[in-house]
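*Asks:* Input: one structure, supplied below.
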Amino acid sequence: MTHQHLLTMFNLLPVGXNISTWWNFGSMLLSCLTIQIITGFFLAIHYTANINMAFSSIMHISRDVPYGWIMQNTHAIGXSLFFICIYIHIARGIYYGSYLNKEVWLSGTTLLITLMATASXXMCYHDT
């Protein structure tokens, strides 16, 4: 396959003319969410939700579980990266005027509120 044929093949993809690097953040959201689900699952396996043993189970994950400290750090950093990608994704929508499409914008707003409520509940009530 020649270089010119490869460039022609990529130019025929159905992509708008105003595509930019801002559009990558939607797929990065999926990657961050996948990492959050996987690390959260493995952390939940070793976590004890008892109020008297919660701190001990965190120490157990950090010290005794193989690569537990990596899972904890990946989960914490992944959550921050997830929210950064969300805010950049929303900023792209505002910049390109996607808020004019009311149905899509309202469904995205509903997803954002649900996401923030879930993240808040998981941070506040994980010890009860």
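Backbone N, Cα and C define each Cβ position, glycine as well.
Sharing the record's features from Swiss-Prot:
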type	residues	note
TRANSMEM	25-45	transmembrane segment
TRANSMEM	69-90	transmembrane segment
BINDING	HIS75	heme b b562 binding site
BINDING	HIS89	heme b b566 binding site
TRANSMEM	105-125	transmembrane segment
BINDING	HIS126	ubiquinone binding site
*Asks:* Between HIS89 (heme b b566 binding site) and HIS75 (heme b b562 binding site), what C-alpha distance do you get in Å?
*Replies:* 21
*Asks:* Please give me the CB contact count at 10 A for the residue listed as 'heme b b566 binding site', counting all chains in the structure.
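*Replies:* Counting Cβ neighbours of the residue listed as 'heme b b566 binding site' within 10 Å gives 18.
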*Asks:* Within its own chain, what residues at least 6 apart in sequence put their Cβ under 8 Å from the Cβ of HIS75 (heme b b562 binding site), listed in sequence order?
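*Replies:* Sequence-distant Cβ neighbours: ILE35, GLN36, THR39, GLY40, LEU43.
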